[in-house]
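Single-structure report; data block below.
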Amino acid sequence: MTTEIKSLQARRVWDSRGNPTVEVTVELEGGARGRAIAPAGASRGTREAVDLRDGGSRLRGLDVQEALTNVNGKIAAALNGLNAEDQAGVDAALIALDGTPLKSALGGNAMVATSLAVLHAAADAAGAPLWKHVAQTYQGTASIPLPEIQIFGGGAHAGRRVDVQDFMVMVPGAGSFDEALEVTAEIYAAAGAIMSQKGRSVGVADEGGWWPVFDSNEEALETLVAAIEAAGEKPGERVVISLDIAASEFAEDGRYRLALEDRTLSSDEMIAMLGSWINSYPIASIEDPLAEDDRAGMCAFTKAYGDRVQIIGDDYLVTNAKLVAAAAEDRACNAVLIKVNQAGTVSESVETLAAAWTAGYRGIVSARSGETEDVSISHLSVGLNAGQLKVGSFTRSERMAKWNECLRIQDELGENAFVGGAPLVDTWWGKGRTAGA
Ligand SMILES: O=C(O)[C@@H](CO)OP(=O)(O)O
Ligand SMILES: [Mg+2]
């Protein structure tokens, strides 16, 4: 089967926030096809690939016509005839054609949908599911990741009702992906019941977590612990808490403005507050504890807590291999979030994960807050052997599509392929386990 790219076609589709986004279909000479859709973030790092948006007053200026034109015109012309099996070559051609540091010429949305669609087409040509094609292309092994699932949404995903963005759980003590989902579904339902009892049940945030009607950020943590207990679990045993602080979103001139609590903290005070949370709650992972430009704070936080919790750089590292290498020199963070649209291409995302492993960092494949039915990231997390996957919550089908896809892949790979708590063995959770606690 010939795998040269024959044609590219872009179409406007819609994401889970009702915003337009880019879908690309690629056809190869031999007839194989691939299709992918660009997601969109709300809490975005300033150093991530930018989407091309237009429309003026129409569609709140969020239209994607220019990005579609780029795919159908310049990108198609540059990629036609290239071998889809050579993902690195295709992505290099995209990067060269764009020629800007943040993908602003072609648009990160145009580039990521194209790059992923080519990957899908190559898998189709090989007659393999995407996860298998990815594993064969990059590093041979595949595994089912530990899911990181949101229970309460917040920050930019919930009208800034609370400052912290994601209150999540992980079930490192689960024996299978299926079991991890089941335990989390019980916790999610228990959290909903608690909110109802308090008269605070008013729907869900952008990623499906319950809407955060709390008087303080810490009340959300207390409620999360209560939900874990109400689901019949002992917090810290099978189930641990994971937070995405998304601190860049409320950083102002080097300080942190907790609007809900009407107080402003210095970087040191922010570190002290998060430290007290780590001491009081079974938290095994924290993402973006400090702002993307608070290098000293991130170094100090990692020095203080990096041997106890997973510290993920999202806005701080924007799926960029060079930033991961620099953070490793600094000893800032010990894990990186992998968002393909932050990098702009599949190859750069894979390079970032490789850089993470070189540095001894973990990698967590992640969705964006604006998503669609596209399940590419489920396959990437499995085929890249990433170990962890963050997708949002229950009750929203753009999220469940991805979790359910992992269940299907688990059926193909078998329960033994589930990584379980392995990604967290270096945190207090895993250390407690090996010490028999
Ligand atoms: O911050 C994040 O990790 C993501 C997903 O939760 O949010 P967004 O896509 O809005 O950047
Ligand atoms: Mg984040």
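Residue numbering: from 1, along the chain as shown.
The backbone N, Cα and C atoms fix where each Cβ goes, and this holds for glycine too.
For reference, TrEMBL has these:
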ACT_SITE  LYS339  active site, proton acceptor
BINDING   GLN165, LYS339, ARG368, SER369, LYS390  (2R)-2-phosphoglycerate binding site
BINDING   ASP244, GLU287, ASP314  Mg(2+) binding site
DOMAIN    5-134  domain 'Enolase N-terminal'
DOMAIN    141-420  domain 'Enolase C-terminal TIM barrel'
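This view paints the features noted in TrEMBL onto the structure.
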residue : record                               : contacts (Cβ under 8 Å, 6+ apart)
GLN165  : (2R)-2-phosphoglycerate binding site : SER43, GLY153, GLY154, GLY155, ALA156, HIS157, ASP244, ILE245, ALA246, GLU249
GLU287  : Mg(2+) binding site                  : ASP166, SER242, LEU243, ASP244, ILE245, ALA246, ILE311, ILE312, GLY313, ASP314, LEU337
LYS339  : active site, proton acceptor         : GLY41, GLU48, ASP314, THR319, SER349, VAL365, SER366, ALA367, ARG368
SER369  : (2R)-2-phosphoglycerate binding site : ARG17, ALA40, GLY41, ALA42, SER43, ALA156, HIS157, ASP206, GLU207, GLY392
LYS390  : (2R)-2-phosphoglycerate binding site : PRO147, GLU148, MET168, LEU337, ILE364, VAL365, SER366, ALA367
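Among the recorded positions listed (ASP244, LYS339, ARG368), ASP244, ARG368 have a CB atom closer than 6 Å to some atom of ligand 1, in sequence order. A Cβ within 8 Å of the Cβ centre of ASP244, GLU287, ASP314, the residues given for Mg(2+), is found for these other residues of the same chain: GLN165, ASP166, LEU243, ILE245, ALA246, ILE286, ASP288, ILE312, GLY313, ASP315, LEU337, SER366, LYS390. Cβ crowding, taken as the number of other Cβ atoms within 10 Å, peaks at ASP314 among the binding-site residues ASP244, ASP314.
Residue counts for the domain 'Enolase N-terminal' (5-134) under DSSP (helix as H, G, I; strand as E, B; rest coil) come to 55 helix, 28 strand, 47 coil. Closeness to ligand 2 is met by ASP244, GLU287, ASP314, these being the recorded positions among ASP244, GLU287, ASP314, LYS339, LYS390 whose Cβ falls under 6 Å from the molecule.
Same-chain residues that are not part of GLN165, LYS339, ARG368, SER369, LYS390 yet have a Cβ within 8 Å of the Cβ center of the (2R)-2-phosphoglycerate site turn out to be GLY41, SER43, ASP166, GLU207, ASP244, ASP314, LEU337, SER366, ALA367, GLY392. For the domain 'Enolase C-terminal TIM barrel' (141-420), the model's pLDDT averages out at 97.
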